[in-house]
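Q: I grabbed these lines from TrEMBL:
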- 278-289: compositional bias 'Polar residues' (COMPBIAS)
- 8-98: domain 'Ig-like' (DOMAIN)
- 174-254: domain 'Ig-like' (DOMAIN)
- 399-485: domain 'Ig-like' (DOMAIN)
- 578-677: domain 'Fibronectin type-III' (DOMAIN)
- 766-890: domain 'Ig-like' (DOMAIN)
- 894-982: domain 'Ig-like' (DOMAIN)
- 987-1070: domain 'Ig-like' (DOMAIN)
- 1072-1161: domain 'Ig-like' (DOMAIN)
- 1162-1250: domain 'Ig-like' (DOMAIN)
- 1344-1525: domain 'Ig-like' (DOMAIN)
- 1611-1695: domain 'Ig-like' (DOMAIN)
- 1787-1877: domain 'Ig-like' (DOMAIN)
- 273-295: region 'Disordered' (REGION)
Amino acid sequence: MDIFGGAPRVLGYPRPVLAQCGTDATLKCQIGGDPRPDVIWERKNVQILSEGRYKLSEEGKVYLLTITGVTQQDAGQYICKARNSVGETYAAASLKVEGENQEQDGNLSQSRVTGVKQPMKENGECAGQLNGFCNVQNGENRKENGQEMNGEHKWNGRLTEKQEEVDLTPDDKPRFLIKPLSLRVDRGEDAAFSCKIWGTPLPEVTWEKDGKKLGDIFESSHFSVSNQDGGWFQLKIYSTRMPDKGVYTCKAVNCHGEALAGAVLLVEPVPEREDNKMSSNSHTNSQWSPKHRAGRLGLSRVTEEPPVNASKVKKFAVAEGKHAKFRCFVTGKPKPEIIWKKDGVPLEPDRRHLIFEDREGYYTLKVLYCKVQDTGLYVCAASNTLGNTLSAVHLTVKPAVRFRRPLKDVEVKERDVAVLECEVPDESLPAAWYLEDQRLMPSSKYGMEQKGTKRRLTIHDVGTDDDGVYLCEMPDGAKSIAELSVKTIVRKLPRKLEVLEGENAAFCVEVESDDMEVHWFKDGLKLHETHQTILKSFGKTHILVFVNVAYQDSGVVTFVAGRSKTSSRLKVKTRHCPPICPVGVKMDIDRPNSALLTWVPAPNSQTSTRSIFVLEMKEVGSQEWQKCFTSETSTSAEVIGDSVPCEGDYRFRVCCVNKYGRSGHMEFPKVVHLPGPKIRSRLQSCEVEGGEDARFSIELSATMVGTWFLNSAQLQHGGRYSVRQTQTQHSLVIHEAQTAEDTAEVTFIANGVRDSAVLRVKKFQPQSEFDSNKKVEAGEAIVLYCEVSHPFAKVSWCKDGKELQVTEGLNIQSDGNMRRIVIQSADASHCGVYTCETSGDVIKFNVDVANITLQAEGTMRRLIIRSADTSDAGTYTCQAGNNSMEFTVNVRPPAMIVEPKDDVVMESYISEEIQLQCELSRSSGKVRWFKDGQQLEESDNIQLISEGPYRRLTIVCGSAEDGGEYVCETDGDSVFFQLTVTRIISPSESELEVTRLASERLELSCEISQVDAPVRWYRDSMEVEESQNLILEVDGAHRRLVIPLTTVDDAGEYVCDTEDDSVAFLVTITQPVTLTRPKNTPDKLESFAGKPIVLEIEVSRPTAEVTWWLNGRKIEQSSNVTITEDGLIRRLTIHAPTPEDSGKYTCDAVDDTIDFQVKVSPPVKILRKSEVNTNLKFLISDDIVLECELSRANAATKWYKDGCRVEGDERFCEEEEGSFRSLVILNAELKDSGEYFMDVGDDSISFQVTVEPPVTIVGNSSDPDYQEMVAGDDLILACEVSRPNAPVQWFCNDQLLTDDSRTYIESYGTLRKIIISCVTSSDSGKYICDAVDDKMISIVRIQPRVVEFLTELHNTTVLEGEDATFKCVVSPDDVQLVWLMDNEPITMGDRFQATQNGLCHTLLIKKCQILDCSKITAEAEGNMSKASLKVQEAQVMFTKKMEAVMAEEFGDATMETEISLETGEVQWMRQGVVIQSGPRHTVAQNGCKRSLTIHNLTMSDRGTYRCETLHDRTQVKLNVERKITICKGLTDQETLERETASFEVELSHTDVEGIWQKDGIRVKPNNQWRVSTNGRVHGLTLSSLTLEDTGSIVFSAEGVRTSARLIVKTPVSILKPLTDVRVEEEFPATLECELSRQNVEVRWLKNGMELKPGKNCRIYSMGRKRFCQIMQCCRADSGSYTCDTGEINTSCTLEVYEHELQIVQDLEDLYIQEDQNAVFMCEVSLEDVTGEWFKDGHKIRPTNTIKTRTETKHFLLMCNVTAEDAGEIRFAARDIESTAYLEVELPVSIVKPLRDRTALEKHRVILECTVSSPRCSATWYKGREELVPTDRLDILADGCCHKLVIQQVAVEDEGTYSVEVGEHTSKAKLLVEQALVMVQDLEDIEVMESEPASFQCEVSVAINKPPVWTLNGENLQPGPSVRLENHGTLHKLILKNTSVDMSGTVNFTLGKAKSSAMLSVV
């Protein structure tokens, strides 16, 4: 099972991408997690959606973001975030966009990814990688852990073993001269493998671990690969970790073949403190764990293992004996270290616990043959240097419960007897024995016994192959498991091992001691170490590894240690490998419009598996490969130009695919330009009449699928569209073309081919002279016209989507088929799009009105700018020939009104000073004041004041005429003041309602502004007169009307009227309310709780209001209380009263009250209900009594049984006694069981009655049960009773049994059990289980204990000094066994040792003596087994014959033999003379070994030597050789012409003749060549040397040989010395000098140390020039460099200065909301630079919410930011820094919402709201339609203030406006009042004197404002002779009692609406 699960983790970080402007760019991130995470991409904290130019996709665990057509604006940082239910992670990538496309290089190296060349890091990895991976072959561009080797090969100091060098053969195929040696290191140490390889050319070398490339499992800094001259190669692993253990293979390949060698690395754990010990096993421990040390080295980064919540882990259960398998998938780099634990304790691999990593990458724990003790919590803990994780599962092993006694684990020594014994529940059950999965059968090896219930397996002559897991299985599958451990070989081989071809097969064993002789065999043949067979021993641990196994390597592998052995079957499976990549790719591009591609299958590719070739192509600049050809046999393909998507340059690659996978890709070396598909016949535009079919067709150069589009909408075949394709011909038919489709674009797209045409549908066309783009100058007329198809067709003209109406200056004309719109004088407001629309067609006109006019009058030239605005400001030049004149135009924006922002409504009083004020946006702004549409001028009463930006209108003394609408207007803004001037101060309302009761006092009062102003009172339009009951009072400015005693007749409208104002009082006089009690309604009520109560009263009038009270507390309506009205009836209903509702109820009608006294009795309750036992049990024939007590004695009850009413009969009786109620059931029966329910109305109780039958013992028979047992066993008696609660008693021989030390009585459910342990004969007898109504009888007989010898002792005879062993097998295993010698007990000690293993008992007598001859007896509880011990005197015999000894003269010779007895004595003799120890002879003994050593041998010591004992003799021959060796050999010499050279050789002996040779010719002494001999020294001297004397000098003598090289040179000089060089780090530096001749060997030295060529240091020569080139300089390369020829040298200084550190990408300010994550990124010009982060000057420390990370960039992540996190963020590295600001926005809210507004038509209105943050955006809506700025609509934002300004407001602007800010919305209503105009004017009237005169007029809008009527300039006020009426928009004036002097002009004024007429009175 897969128990893996965890938070998202980045498997491959996204890398920087460089893209050309206009191309596509793809960012990739590889992420894993369980459950699968949700992944999003963000940029600048804004999520990127898959739309437009962004495409999000995924390929497995790789998530891709593709940006099409990148621009410079796309450059920047992108964040990939992943989240699941466990956690989240993120990764960042940057995109760089270059402005120009760069030509692709045709031969990109492997370090290029997606067409972008990636820079190389110092360790050879790619800085930009695809999905975080990059292949670098053969370690190119690598350094040795970031440092140069300087030509010195670094060897690991642990390589102490001698490496053999083999002879060089002339074969050019690679071969290992010195192979790598296996290593064992402590954790944390470095490990180095070195080897020497021969091959021409020098082979390429790759290293692998366990078949995997090192780069795939190790981070680059963890290892390095290097090579040196001479064929030396080295792999070095730094700071080894536990997962590093394994098999390392070195593979050498050149053009002639390949060679392979391997070595083993063992990593030992290092102990830690005792309080923190942990196991060091990981997934490789199953094979590589030679030592079990407590503890492991902590990680370099301390990581605390997260806790495991046991309640949430997965559960897994298996039956005992089954296998359990756990799998955990973990990724990470460096490769994680895996530890498996059980219940917190680390697990070690053993025979039942297998720990390994399978081929799918899962770390696996397999528990074989599970036992109950395997139950527990298993944890897979993974950790590396970057962190840790874990996953857990709980295993439950279900036991095999049927075994009485299970098997027990046994441990024995080899050759012993092992006994496994268990006990089954029934003696008739057979049992089968298994050794793991192999069934065992009875034989001489295995003895199987079945005695009673015991089952016994005896294993004789136990060997290591018997070690394993044994199972005893019953027929039903129940198993008992035990382990048999055989000592000697501590860790044995697995039963079998399966590996794939090409993998390594590793075997590891561990023995008891270090000095054991061990051997490895395969199929019976002894194994010896070769290049592909590794044999290694580390103390007690022995390892065998087959490297790169083949199928034929299958067989049986055996390990032998002494007499012990262990075997394993190796099975090599055939590897089903993916195919091999094709080779020999060629491209022929000389063909026209095509390319021929050919390739050759791989020479060693498999032919048994079907495979196909896949050819892919991609366009240069693209990142996606597309399949274009597949074939199973063909090895060529021709790509036609028409088959590619579009014209361009294409690359091709080929690979091979079979069912096992895909090979690598082989890319063709060239780029071919293909034209792509072409259009042979293009689309043609189509013109049809409305309703006709439109047909389109296109022909292509190749057959391909295409798609049709109509106005970008894809068309499908069917309906009105018919789509057809015939080979290369494509056609589209649009049936019944519609006028709406006129000018529609029809597009065809197919595989890069695109063509379009236009569909025209005739309906009406503009006149031929019409120009749809009309441009006129301001002031000119605009005429737009078109022709329709029918003279009666209706059209509508619109401007910018709004329908136009005929207005002044705009005419709409219709003349036959012609439709026109004429605008008399154009201005800027007429610019826009005009449309003429019919029901099915529309035509557009674009009108542009130029505000600049050029005029020429004679010699005058003018430029006129109409309606200038600020954009027209600037410099204008008038140029005529060579003369010019400049005009500077400044256009200032119109002054705006700052305050007030809204229209103002004011009230003032007559004679007061009135001030109207507004504030302008600038002080120089001019304003105009208007009143009711008339401009105001200053006068005595009106002052116009200007103070800075303030403009003020002051009315010195206000009057009623001053009331009206005032406007302060600038050129671009205005504000309205609505002024009302009144005379009456109080009350402020124009109309008041007053209510009084009859007979109460009524007082009406008002306050006027002038104390002496006259006031008149009117009642119902009639002036009142004072009387006794109506008093008019004057108190200063107060006027009162008082009625002392009111009556109903005093009700009416009272008006207090002044000359300019009036106020009305609406007086209502009511009679008092009286209450009466309805008939049959008592004043006292009694009721029970729960019964509704209704209280009713009758009022005197229907409108009377009453209030209900309870005990002085007002009663409110609720779910329980209802207050209703029914005519004159007022009703109070209490639906479910309680005793708390008792009391005095009052109905209050203010003028009258009525009381009710209510008493509510409590409900009937069952007393002490909780104390009543409701679960009752009775026996059959018992009387059942159910009883309870009630709260009231008179309460009625009802009894129910199982829901049915109980009726009384002879058995069921209901009884009552006071408040007690009972139900009696006589003579109970089984059917009386059930639920009894008593109901008392307000309460109830339920009884559960069970009538039980008599107790019986289940399955009991009348016959007793007989049992026979053996003394010492446990007696178990059990029975099952019919009821769980049935009591039983146990008796033995009629005596009651109770619990004691031997007796245990158990009761569980219906089970009753008694256990008597270790029974004896006295326990025999009759046992009774007494259950009252039933009994169970058992007769038990106890037999005596049977002790028997299963295997007797055997007589033993040993030699003196040997050990004697006596064994016997005795049953049972707990028997007490005593050992006797000659009937005397043996005292155990060093010589006598007794052991027991199960049933097997052993006596060991060490180093037997003659006196030990005796009788040995084993006594077991009276039973005896005897045997005799005989000790024979030992003869001293030679057990090891001596072989001839060969020694050298003057050396030492040792002759050694072995005898059979350690105490035996020997003599050494030569030629009959006994040799005694002396200066030249040493006689020694060590145990049984005897030796003779002769020192400083001479030739006379040769001969035969004899060694004798009293019983035996042996001899050996000694040969002494004289071996000549060279003590000092020849050395190469260099000298100059005419000089002398001397050569000397020193031999090991004198008197030896030697031969000198030069160039293979023996030297003859002469004047120039002199030969000399002086003892052991031989010399050769050459004088007067010439250049021809250069050659080889050889000396040989008696089989030895030495040679040297003589070089004679001409003196050399330096022509061009070295010069000092200064270079920047990471740049190359070249040191150059020139010598006088070519063939001069030089040495390069740095600071006196010799330089050797390496990856970073290149030393070479060109002719006479010598070069030392450092490929990539670092600061350490600075120093003094010398070129030394030996005779002369030249030096220079190299200075390497470091890079200047610069910031490549600065920090960017962030403005985010609270609780979001903030990510800051800073990129510097250099890598591996340590930086620090600061906030507000304080250093930032990483916490659980603040994390920093450094890749190629530096990141700071702040999670869940708060307002306190805002501030300055600074990144500093060295002497540079970058700063940004983090602003945290709190959740936005609306501080000041919108307010409802009312505006006049054609005025400006402002809707304004204030929000909490100035950075939030606001969206305005009208209804549901979003608003955008127009020429009339302005949307402004000033800090936290957001405004919507509507200019020239119209009636259609009315509605509900809303502003949306974040999640908040504010709404307001806008009402627009139309401008007042006269609809009907006054008419002149002539009347007779005293007749009434009536005037009437009508205005356009009804407004709540009184008009002003005047007669001859005097205001008219309502009175007895003047009546003013207002009926909506209709206004009337009636003049009563006219007179001649009233003749004159009557004026009507209401706002801006005015009318006048003449009144003539005759």
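Using N, Cα and C of the backbone, Cβ positions are placed for all residues, glycine too.
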Q: Just to confirm my parser: what is the rounded mean pLDDT across the domain 'Ig-like' (1344-1525)?
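A: Averaged over the domain 'Ig-like' (1344-1525), per-residue pLDDT gives 87.
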Q: Are there at least 3 C-beta pairs under 8 angstroms linking the domain 'Ig-like' (987-1070) and the domain 'Fibronectin type-III' (578-677), leaving out pairs fewer than 6 apart in sequence?
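A: Contact absent: fewer than 3 Cβ pairs fall under 8 Å.
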Q: DSSP says what for the domain 'Ig-like' (174-254): how many helix, strand, coil residues?
A: 10 helix, 45 strand, 26 coil
Q: May I ask you to check whether the domain 'Ig-like' (1611-1695) and the domain 'Ig-like' (174-254) make contact, with contact taken as at least three Cβ pairs under 8 Å and only pairs 6 or more apart in sequence counted?
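A: With 3 or more qualifying Cβ pairs, these stretches touch.
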Q: As a test: from 8-98, 174-254, 399-485, 987-1070, pick the stretch that has the greatest number of Cβ pairs under 8 Å with the domain 'Ig-like' (1344-1525).
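A: If we count Cβ pairs closer than 8 Å to the domain 'Ig-like' (1344-1525), 399-485 scores highest.
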Q: Work out, from DSSP, the number of helix, strand and coil residues along the domain 'Ig-like' (1162-1250).
A: 6 helix, 45 strand, 38 coil
Q: Summarise the domain 'Fibronectin type-III' (578-677) by DSSP state, stating how many residues are helix, strand and coil.
A: 3 helix, 51 strand, 46 coil
Q: Across the domain 'Ig-like' (987-1070), what are the DSSP residue counts per state (helix, strand, coil)?
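A: DSSP classes over the domain 'Ig-like' (987-1070) add up to 3 helix, 48 strand, 33 coil.
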